[in-house]
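According to TrEMBL, the feature active site maps to CYS319, HIS378, ASP401. The Ca(2+) binding site annotation in TrEMBL covers ASN441, ASP443, GLU490, GLU495. Look at TrEMBL and you will find 1-11 tagged as compositional bias 'Basic and acidic residues'. The domain 'Transglutaminase-like' annotation in TrEMBL covers 311-404. Under the heading region 'Disordered', TrEMBL lists 1-30.
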Amino acid sequence: MSETTDKEKKPPLNGRRALPSNNSNDEENEVPEMEAFGLIPRGFNPKDYLRVVDIHMFKEPHEINKQQHHTDKYYNPKLIVRRGQSFQIQVDFNRPYNPERDQFWLEYLIGRYPQQNKGTYIPILVRDVLKPGEWGAKITHKENNSIRLSIMSSATCIIGKFRLYVAVLTPFGILRTHRNAATDTYILFNPWCQQDAVYLDDEKEREEYVLNDVGIVFHGNINDIKLRSWSYGQFEENILDACLFLMDKAELELSGRGNPIKICRVASAVINSRDDNGVIAGSWDNTYTNGVPPSAWTGSVDILLEYYSSKQPVRYGQCWVFAGVFNTFLRCLGIPARLITNYSSAHDNNANLQLDFFLDDEGKVDTTTTKDSVWNYHCWNEAWMTRPDLPVGFGGWQVVDGTPQETSDGMYRCGPASVQAIKHGHVCFQFDAPFVYAEVNSDIVYLRRAKNGTQVIENIDTTHVGQLIVTKEVGRDGMMEITEEYKFQEGSEEERLALETAVMYGVKKQTIQDTSYQPQTDVDMEFQVQKAVLGSDFKVTITFRNKSRNTYTATTYLSGNIVFYTGVIKNEFKKHSFSAKLEPYSSNAFDVVIKSSEYMSDLLDQASFHFFVTARINETGKILATQKATVLEIPALRIKTQGAMVAGKEMSVTVEFTNPLKQTLENVTLRLEGPGVLRTMKKEFRQIPMNSTLIWEIKCIPNRPGLRKLIASLNCDALRHVYGELNVQIQKP
């Protein structure tokens, strides 16, 4: 009976491999404290031999290891070092160490089935000299019964939490230290080490892309850029363990965890909950039952900790939430990363570099047949690494995207795709470059079905998509434009060449016969939307410029739609048509007024509108078409502090908000967080009457000195995306 229970405990083997897969950093194996070479003679006493009494890891934030390895900010009591760089430990023996007759070595183990050839079992002998970027140890100091060791880890070493043993050789067997969790050592990527695949040579960039624990998310739209802060919190308590758990969840073999390409690829799948029960469940339909609305989150910490404890997807996220959490994961493990916003981002359902908008006979967009959409903006991440799997020149920034849009190799994931390859049209190089290329380069084509069923092209807009690509500035909170990293100047010879290259490598692009498409070139039409605060009236001004000697009349149609930020239409709230007379060689402007009563009842959480304007020139039958997204101004939260701000001393923070709407706000939730100052606080308010002001005061004790950021959000059904932030300088005690 006992035999069968023993067998059941063993993991099931399969016929292909002698050992089960080793893909959990959490699991351990039993390591014998006495490994005998044969029969042990009766008089053997282990105490006669060299014995380890204690091991000092120098793991406090102010001590040498964490200082030299830039890991002093991690709120974690264990030793955390970066690979390819030496660190110090001290071993105390029961008597002075004598190299003539004593032999000992160190063993680092990770996972349940450690194997030397897989890099999961690492024995380290003491040598006279350390080779850079290779495992080794040397004695730097001897005093009484103690020795100080300098240990070098490999620059390609697995990223994760290793167990440490010290082994001593005796004539009859190997004596080991017992399992001691206090000596566990985390090893991370090292952007400061030239041999590491993630090496970044600029110190200011390393401080921003690895060590900065707050960032900026740019949102809104191309005509009205908005920004908000996001707390990455990669150094907060338990976040490092939560990030290592994500690799376990994705079942990434431990032996593959030294490779940033593999880590990014599996992480882009596990960040979203589609097909693998990953971290965040997306919701784009404006209903967020049993969850937190995406706009309410102020940072990644709550999301990662909830997932780490519940192991169930956290509800809900949209693109900037996926990107914010992904950025935390990458920076926490030591991969330089930044959050990117692409304004007017194409979501092209059939990747033909063409977004098809179908018009009906009146020139209105037909929402039933139009399947493609332009997102006002879309956020993804870039991670910095070499790409030894690609030809030279495609390393550096790589696009990775955790938002589930399309499947890649059967799972919802995207990247890493080389930014350089996307710019030059070399979309044949893995992973998912054609999809990203389409997001920043698609054309918008307006088509009309003629009476005989054929599709007539009425208008083509080659410049609308991917107009602006931005990220946060290094060392400051401003915006840095990086559009030219992704594409050449519109209309330049290089841009044409990149497009031809992309088409050659299999990006589908339909060629448009010149005969079928002859646009009206002697009349220009554009429109402007007046900036407006949520709840007020505003106007749309449509301007025609007739550059010919002919007089034209234009039947003009304006359609105002309330849209999700993904460009998907919820409903049309404004229809307006008029006839415009266009005199030769002149400009004419026409105003259309939009009243707040027309849009307030149906507004969605990003207060986004999308206007289509189409005009038919009656004399020629040609159609002019253009579209634009616009976002209303949303009032901000005000944050204030009182009294001295000193680490370890209580301080007071106040959040204020005035309701600007002509209605009472109900079931309002406020959130406030600031890494190093306070953990996330939440407060619910039943209602805020119109024009009244809410005041919330809290006390907190900051634990980290330096320049920190407080970030707040307000959320209720009638009003979302209300943010506030404040920089605070916390003094040393």
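Backbone N, Cα and C define each Cβ position, glycine as well.
Just so you know, TrEMBL annotations never went through curation; they're auto-generated.
Counting other Cβ atoms within 10 Å of each Cβ, the lowest count among the binding-site residues ASP443, GLU490, GLU495 belongs to GLU490.
Cβ neighbour count for ASP401 (active site): 30 (other Cβ atoms within 10 Å of its Cβ, all protein chains included). When the Cα atoms are compared, GLU490 (Ca(2+) binding site) and HIS378 (active site) turn out to be 20 Å apart. Surrounding the centroid of the Cβ atoms of ASN441, ASP443, GLU490, GLU495, where the record places Ca(2+), the chain contributes additional residues within 8 Å, namely THR462, THR463, VAL465, GLY466, LYS487, GLY491, LEU499. It is ASN441, among the recorded positions HIS378, ASN441, whose Cβ has the fewest other Cβ atoms within 10 Å in the structure shown.
For the pair formed by GLU495 (Ca(2+) binding site) and HIS378 (active site), distance between Cα atoms is given as 22 Å, rounded to the nearest Å. If you take the CA of ASP401 (active site) and look 10 A around it, the recorded positions you hit from CYS319, ASN441, ASP443 are CYS319. Sequence-distant neighbours of CYS319 (active site) (same chain, 6+ apart, CB under 8 A from its CB) are TRP375, TYR377, HIS378, CYS379, TRP380, THR403.
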